[in-house]
Amino acid sequence: MDRLRAKPMEFIFSVLCIIVILFVCNSTAELPRFVQTAKPDGTLSFLVVGDWGRRGSYNQSQVALQMGKIGKDLNIDFLISTGDNFYDDGIVSPYDSQFQDSFTNIYTASSLQKPWYNVLGNHDYRGNVYAQLSPILRDLDSRWICLRSYVVNAEFVDIFFVDTTPFVDKYFDEPKDHVYDWRGVLPRNKYLTNLLTDVDVALQESMAKWKIVVGHHTIKSAGHHGVTIELEKQLLPILEANEVDLYINGHDHCLEHISSINSDIQFMTSGGGSKAWKGDVNEWDSQEMKFYYDGQGFMSVYTSEAELRVVFYDGFGRVLHRWNTYKNSVHSDI
């Protein structure tokens with residue numbers, strides 16, 4: 001019924017999509033920016049969850065409940081989604097009932113009524129990408145913020161959101177039975193070249209004390225999907241050259257912390273928002289692997305001028321792993 005009522009608006013939406021594609025397709029430009037102000041005490045805190053959109057099933061509702069409790073305790077300022085926002089094939093239009101069933105009606109706690117900064121995952125690209133990017137969704141739920149790639153300037157923290165799905169070769173070469181929405185991405189080489197340039201420039205220009213990069217796909221991971229070779233070759237050198245502090249991703253349905261021995265980058269996976277328990281964990285250098293949990297959960301990040309602190313929680317709100325840094329010294333316990 002909701003899809004029938006939406007048909008006239010869907011036509012208008014489709015026309016707007018065509019205009020947007022013609023206007024911005026593959027053009028290199030400064031990444032869009034959003035601003036988050038710190039609390040009066042000079043701190044910021046936020047939650048990170050990924051791979052969640054399953055209409056409340058596979059413990060999504062349980063994780064959401066605990067996020068609400070932890071969000072209240074930490075007085076969070078916003079939330080980040082690491083992608084795969086709607087399973088299995090994204091959404092078909094801005095009026096798809098999945099938006100309410102998997103987002104609005106699930107994350108109902110008062111503490112979660114803050115901005116949600118989202119990136120797209122590979123499952124999102126199997127649907128109507130422009131539906132997830134549509135401002136209509138923000139009209140339906142003011143929390144929703146989703147662009148392909150953009151920056152959140154939060155005073156002493158800059159957070160760079162990167163569209164990682166177009167980097168992965170197999171989605172183009174071996175899509176199997178899946179159909180991906182590549183509007184706005186083709187020609188692919190031009191899109192990726194421009195995106196890497198934009199990210200590099202934005203990172204170079206950043207004067208923030210802390211630099212955090214968020215993408216859906218892994219760079220380093222011992223989980224089911226493992227290392228994303230394309231990001232390791234193309235994106236990682238840019239992150240290392242610009243002294244990024246954290247790379248946060250989803251994709252692997254687990255919670256994970258890998259500390260690079262080649263740089264100061266910490267690799268954090270928060271992909272336990274719903275279906276998890278794959279049970280296939282690959283071997284990893286024990287010097288780098290600080291924490292791995294093959295189950296549901298989420299993470300929190302606390303920042304100030306002096307400190308950056310990460311905590312991982314399971315689906316019952318129990319603390320699994322803590323890590324914090326003061327730039328020149330690191331303290332960790334599991």
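Including glycine, each Cβ sits where the backbone N, Cα and C put it.
Unlike curated records, TrEMBL annotations are generated automatically.
Over in TrEMBL, the protein carries these features:
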type	residues	note
BINDING	ASP51, ASP84, TYR87, HIS253	Fe cation 1 binding site
BINDING	ASP84, ASN122, HIS216, HIS251	Fe cation 2 binding site
DOMAIN	45-254	domain 'Calcineurin-like phosphoesterase'
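Recorded features from TrEMBL, shown on the structure.
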residue : record                   : Cβ contacts under 8 Å, 6 or more apart
ASP51   : Fe cation 1 binding site : THR82, GLY83, ASP84, GLY121, GLY250, HIS251, HIS253, GLY271, GLY272, GLY273, SER274, LYS275
TYR87   : Fe cation 1 binding site : GLY53, ARG54, HIS123, SER274, LYS275
ASN122  : Fe cation 2 binding site : GLY83, ASP84, THR165, VAL168, TYR171, TYR180, HIS216, HIS217, HIS251
List, in sequence order, the residues of the same chain other than ASP84, ASN122, HIS216, HIS251 whose Cβ lies within 8 Å of the centroid of the Cβ atoms of the recorded Fe cation 2 site. GLY50, ASP51, THR82, GLY83, LEU120, GLY121, HIS123, ASP124, THR164, THR165, HIS217, GLY250, GLY271
Taking HIS216, HIS253 as the binding-site residues to compare, which has the smallest set of other Cβ atoms within 10 Å? HIS253
Chain-mates of ASP51, ASP84, TYR87, HIS253 with C-beta within 8 Å of site centroid, Fe cation 1: GLY50, TRP52, GLY53, ARG54, GLY83, GLY121, HIS123, GLY250, HIS251, GLY271, GLY273, SER274, LYS275
Taken over the domain 'Calcineurin-like phosphoesterase' (45-254), the model's mean pLDDT: 98
What is the number of other Cβ atoms found within 10 Å of the Cβ of ASP84 (Fe cation 1 binding site)? 30
Just to be sure I understand the packing, how many Cβ atoms besides its own are within 10 Å of the Cβ of HIS251 (Fe cation 2 binding site)? 28
